[in-house]
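Asks: Encoded as structure tokens, here's the structure I'll be asking about.
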Amino acid sequence: MLMQTEIIAQLVLILPEILIALGIMALLLIGVYSGAHSYLTVTGLTIALLFATIILIVLFPKDGFFYTNALIIDAFSRYMKILTLIGALFSLILSVGFSSSQKFDIFEFPILVLLATLGMMLMISSGNMLSLYMGLELQSLALYVLAAIHRDNVKSSEAGIKYFVLGALSSGLLLYGISLLYGFTGQIGFREISSALNGNILHLGVIFGIVFILAGLAFKISAVPFHMWTPDVYEGAPTPITAFFAGAPKIAAMALIIRVIVFAFIPLESSDNFMPAWQQILIFMAISSMALGAFAAIGQTNIKRLMAYSSIGHMGYALVGLAAGNILGVKGILIYMTIYLGMTIGSFAFILGMRFSNRYVENIYDLAGLVKTNPFMAIVMTIQLFSLASIPPMAGFFGKWYTFSAAVRAGLVPLAIVGMVLSVIGAFYYLRIIKIMWFDDAKDSFVILSNEIKLCLCLSALFVLFYVFFGFWFSEFAEKAATSLFQ
């Protein structure tokens, strides 16, 4: 009886994951037997399932360890899971009209999104290297198929192949790093690895293990120098799937990196008063990502490739907070990723809303004179672009404020200064789009917006515009989540 009670208590901890897994199996059956309208039926039920899972996490918070620390359920994991679920939910909402018009409205699409989301939830709660890899691969395999799901489109097929090949390489790097750490410590748990290494001189093999693990994880957030897949996949994949790639997987991967760093690497003492190896790697990736995001996007005219480089830059700014290695830094990342998700949803809703009678907008110069033909869209996107450029009092400004403040508090003043300079440079290409929309001569008018696009645009614009008034609410929850990670 006692054992049964303990098993039930353990299963309650992962109830959201169980709900998603059961939902996937049920939706597969529904999709097969619902005939011609299977796509809309399954998509609607998937959106309802994601919303129900968010409600479950919010109303019934549970803390604990599942199966000897394989999964860790705490305030941090709940916060990041909610963000991930919101990202998946809005991606599906945005996909409805696009999928129908582009003739790939197949019921497997929302189910693959659910499979990827389940993998992300496992990643976020990972407590050891085994659960880390299982969650990561469940997410990755679903994402490879999603990238190439538009089989009649050459660019989509090319994006899927590129993502698969480079993703397999990153998985190999990650596995090799895990094997090195396991070989030198005999442990797979994050905290156990830290305990085994702490106080001892780090062997060269351990340092290589740390490097390979961080390299494999950096691929998932498109951090330089593991960003090569991002522009091509963003451009080639269908736009709603690009919106999904830009949001939920980045949040889950960042959560995983945070947990690995905080549990396994931060407790390690650096020798000879020198900066720890993990911190050197993070600083290099942060500066490189911020620099590439600032300079590479300047020459881009394809709007999805531009958003790809923008995303790389944003991950660099988030890594600034992680390099600080303290509670304030993790809190800054949580706030940054919250704001980043809001801006991403709004930006891709705009891209999906900008459609001519025969095609979607691909070039930023197609937006010329938008304020004259569609003032609502011009105003909403201007708000988003000001936020992406981190111009106060928009939400994007506060995201960078928290991460740079954490870096300064940790003594990484040069890193914060470099970040601020690159942020100013990166604002150029956002302001260029505003100039095109407001001051260039108008082109052809666009088709009427669908209701789901209007909903996403309005919610996102209100979020980034009025964050200054209710941001303290997110700050409070982010602080609780960050604190739970260091306990």
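From the backbone N, Cα and C atoms, a Cβ is placed for every residue, glycine too.
According to Swiss-Prot:
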type     : residues : note
TRANSMEM : 12-32    : transmembrane segment
TRANSMEM : 79-99    : transmembrane segment
TRANSMEM : 104-124  : transmembrane segment
TRANSMEM : 129-149  : transmembrane segment
TRANSMEM : 164-184  : transmembrane segment
TRANSMEM : 201-221  : transmembrane segment
TRANSMEM : 248-268  : transmembrane segment
TRANSMEM : 281-301  : transmembrane segment
TRANSMEM : 310-330  : transmembrane segment
TRANSMEM : 332-352  : transmembrane segment
TRANSMEM : 378-398  : transmembrane segment
TRANSMEM : 411-431  : transmembrane segment
Asks: Per the 3+ Cβ pairs under 8 Å rule, pairs at least 6 apart in sequence, do the transmembrane segment (310-330) and the transmembrane segment (12-32) touch?
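Replies: Touching, no - the transmembrane segment (310-330) and the transmembrane segment (12-32) miss the threshold of 3 or more Cβ pairs under 8 Å.
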Asks: Cβ under 8 Å to the transmembrane segment (281-301), counting only same-chain residues 6 or more beyond its ends: which ones?
Replies: 210-211, 214, 218, 222-225, 227, 261, 275, 309-317, 319-320, 322-323, 363-365, 412, 415, 418-419, 422-423, 425-426, 428-429
Asks: Below 8 angstroms Cβ to Cβ, which residues of this chain, lying six or more residues outside the transmembrane segment (12-32), approach it?
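Replies: Distal contacts: 38, 41-42, 45-46, 49, 52-53, 56-57, 60, 62, 64-66, 71, 73, 81, 107-108, 110-111, 114-115, 117-118, 121-122, 125.
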Asks: Take the transmembrane segment (411-431) and find every residue of the same chain, 6 or more past its ends, with a Cβ under 8 Å from one of its Cβ atoms.
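Replies: For the transmembrane segment (411-431), the sequence-distant neighbours (Cβ-Cβ under 8 Å, at least 6 residues beyond its ends) are 283, 286-287, 290-291, 293-295, 297-298, 300, 306, 310, 313, 316-317, 320, 323-324, 385-386, 388-391, 400, 403-404.
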Asks: Which listed range (79-99, 104-124, 129-149, 248-268, 378-398) shows the maximal number of Cβ pairs under 8 Å with respect to the transmembrane segment (332-352)?
Replies: 378-398
Asks: Could you give the residue numbers and ranges of same-chain residues that sit at least 6 residues beyond the transmembrane segment (378-398) on either side and whose C-beta is under 8 angstroms from one of its C-beta atoms?
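Replies: For the transmembrane segment (378-398), the nonlocal Cβ contacts are 310, 335, 339, 342-343, 346-347, 350, 370-371, 423, 426-427, 430-431, 433-434, 437-438, 457-458, 460-461, 463-465, 467-468, 471.
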